[in-house]
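Have a look at the structure below, then the notes.
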Amino acid sequence: CITPPDAMFGSLARIMYVRSHARLYRVSSLIGRFSTSTASNTVPNPFDPSLRRPAADPNANYEFLSDPREKTKISKPAVVKAWTKGVPIERKAHEQIFNIASMPFIHSHVAVMPDVHYGKGATIGTVLPTIKAIIPAAVGVDIGCGMCAVRTSLTSSQLPDSLKALRSLVEERIPHGRTNRGRRGVDRGSWRGEISDEVSNLWDQNLRSGFNKIIAKHSKLSKANSIEHFGTLGTGNHFIELCLDEEERVWLMLHSGSRGIGNRIGTYFIEKAKLDMKKHNRSLPDVDLAYLTEGTDHFADYVEGVEWAQKYAKLNRELMMNAFISSVRAAPGIPEFTARLEAVDCHHNYVSREHHFGKDCIVTRKGAVKAAKGSMGIIPGSMGERSFIVRGKGNADSFTSCSHGAGRLMSRTAAKKKFTVSDHVKATKGVECRQDSSVIDETPMAYKNIDDVMNAQSDLVEIVHTLKQIMCVKG
């Protein structure tokens, strides 16, 4: 039976070790109450050694995953290389990986990152190289979601004892969250009054003409929040953080994407792809694996929309970082400082045309960061853990990629059922942040251990800076 993701990780009972293929795998016995259609009482082992085998190259850090699906459901053999040693993979995610890896247009293999977990259409934390086809649901609805971080000249000794006033300023200046079902003009997560000149000018100079071109062909997209969300944070795991590095230097970091308009573009073309599948009578292992074929109008229009949304997402982070810096400058007790002594910005939900293993292909990184040799990236931990500024090593087997974070250990619903506000307060001790029931789904215990995740991808990136959060604003 397949265990529901909400129930995959009940209460942590013990850690044991098993030997398989002459390697030692750490196994967590994760035992919890759950129900399935067969009323099974056994939780599939997220470290199951029968579904993992080491690479032939003893120097390789990845392992091969074995197909867990019933033989009758396997359309073609699939190759999956996974940087998952010492980290769990839920059974449902494991099956989902092979559903997508067996698609006929996958090039070479699928690369799985250590933060992998179940998602819509494709697992989050996967890298999908495709030839002349693209799966909109694999890209997802937060197109261009990513990270931005800057180092300032400030040090910890120059910060006030309490960061509550700064958090209030940031929350006041950067719209975040969602109310009133996201309706224009009333949602607190959007601009409700007059839009500033900075936002308007950046929109006019970089995005307006492209948006008009898209909605001229697809008028339904005009109804989405576009400029109203430009320079706003969003909800869920999106955040704004003040951090200290290993030398007690102050960094500003944030996580967000293409907001309402990116969601609308993603959702719209996911449905277009599904309609195309019905039209051509194509069967799929999962309806969310509906794809668009290069050379068709929908493919071209989707790529145009994705590229525009990715540009929107990057500029959205730029606007918020400007607002964050100005908030720090305005906060009481903080002296003058220089910002952007170091700066990093990276997408982790996006599409790119690249060349790998002898062919030009379309690379979809769903919850993965490009880690080409020398390129800089950001791998955030949960709101009570550490984050990392990293430099890519250009590992070819991973399609020069790395993880985008720690990765969820359990669903939001499961986290809300399992943890209390008291648990969350203890886990975020020392961090100026919200500590109420509305953020329980983002509590640190809902995520994988960031140290395990980093150890599993030591051949993909090197750590340049280690950051510890001391203030966090959640959407």
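Each residue's number is its place along the chain shown, starting with 1.
A Cβ is built for glycine as well, from the same backbone N, Cα and C atoms used for every other residue.
TrEMBL lists 38-59 with the feature region 'Disordered'. Residues or ranges marked as Mn(2+) 1 binding site in TrEMBL: Asp142, His238. Positions annotated as GMP binding site by TrEMBL: 237-241, 348-349, 380-383, Ser387, 404-407, Lys474. Residues annotated as Mn(2+) 2 binding site in TrEMBL: His255, His348. Residues or ranges marked as active site, GMP-histidine intermediate by TrEMBL: His404.
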C-alpha spacing of His238 (Mn(2+) 1 binding site) relative to Ser382 (GMP binding site), in angstrom: 11
Cβ neighbours of Asp142 (Mn(2+) 1 binding site) where a neighbour is any other Cβ within 10 Å: 24
Other CB atoms, at most 10 A from the CB of Asn237 (GMP binding site): 21
Distance check against Asp142 (Mn(2+) 1 binding site) for the binding-site residues Asn237, Ile240, His255, Asn349, His404, Gly407, keeping those with Cα within 10 Å: Asn349
CB within-chain contacts under 8 A for Gly407 (GMP binding site), separation at least 6: Val87, Met113, Pro114, Asp115, Val116, His117, Ile124, Gly125, Gly367, Tyr447, Lys448, Val453
Separation of alpha carbons, His348 (Mn(2+) 2 binding site) and His404 (GMP binding site) (Å): 6
Site with most surrounding Cβ atoms, counting all protein chains shown within 10 Å, from the binding-site residues His238, His404: His404
Listed in sequence order, residues with CB under 8 A of Ile240 (GMP binding site) and six or more positions away: Val170, Ile174, His176, Leu233, Leu252, Met253, Leu254, His255, Met320, Phe324, Cys472, Val473
Rounded to the nearest Å - Cα separation of Asn237 (GMP binding site) and His348 (Mn(2+) 2 binding site): 13
Distant-in-sequence Cβ neighbours of Asn349 (GMP binding site), under 8 Å, six or more positions away: Val139, Gly140, Asp142, Ile143, Gly144, Cys145, Gly146, Gly257, Arg365, Lys366, Gly367, His404
Which of His255, His348, all binding-site residues, has a Cβ with the fewest other Cβ atoms inside 10 Å: His255
Cβ packing number for Ser382 (GMP binding site), 10 Å threshold: 27
Integer Å distance between the CA atoms belonging to His348 (Mn(2+) 2 binding site) and His238 (Mn(2+) 1 binding site): 13
